[in-house]
Amino acid sequence: MAANKSKGQSSLALHKVIMVGSGGVGKSALTLQFMYDEFVEDYEPTKADSYRKKVVLDGEEVQIDILDTAGQEDYAAIRDNYFRSGEGFLLVFSITEHESFTATAEFREQILRVKAEEDKIPLLVVGNKSDLEERRQVPVEEARSKAEEWGVQYVETSAKTRANVDKVFFDLMREIRTKKMSENKDKNGKKSGKNKKSFKERCCLL
């Protein structure tokens, strides 16, 4: 399933987001709510669904490409390939299922292993189903403490009420954008350094 692409989008900045987490935590529901303003409660798990949408990020038109990966162990072997293509990750668990919170550590380790050559990986920890407070199994303090330990932001969302849905996607895109700008600056700095060295060498030869 994919959103329709319009002409002219190819020239816009593209931010690639990967949805990660156990099965049934609401990754697809969050994605569909963000994409189409729809709450889909029952969703058949697949290997992965890709979506693309044009949005305005801090006054700039950009594209967000969302890959919604399946959380089932059956797909663990192919998950590495999806992670390699990602620029940022929403690590999702359900606040009503502590086991899904525990699983985030393993998913994070897999991301870090696949992206080992990168310094700081844009990642947010997302506690979904905040509308089911009466069924909460994961205390806010516990989730926030884990996120702080990992040096990332923790946000609670509800795909049903749309609470903080836009926030997590836009905050992650900002982190991706910041990382890209930093990398481009480093590349330009190295290139400038090489040019200066080349100029000095030419001067010496003269």
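Glycine is no exception: its Cβ is also placed from the backbone N, Cα and C atoms.
Same-chain neighbours of the compositional bias 'Basic and acidic residues' (180-189): 87, counting only residues six or more beyond its ends whose CB sits under 8 Å from a CB of the stretch. What Swiss-Prot lists as compositional bias 'Basic and acidic residues' is 180-189.
Residues annotated as S-geranylgeranyl cysteine in Swiss-Prot, with similarity to another entry given as evidence: C203.
Taken from Swiss-Prot, the feature cysteine methyl ester covers C203.
Per Swiss-Prot, region 'Disordered' is recorded for 180-206.
Sequence annotations record features per position, and here Swiss-Prot assigns motif 'Effector region' to 43-51.
The residues of the compositional bias 'Basic and acidic residues' (180-189), classed with DSSP into helix (H, G, I), strand (E, B) and coil, number 10 helix, 0 strand, 0 coil.
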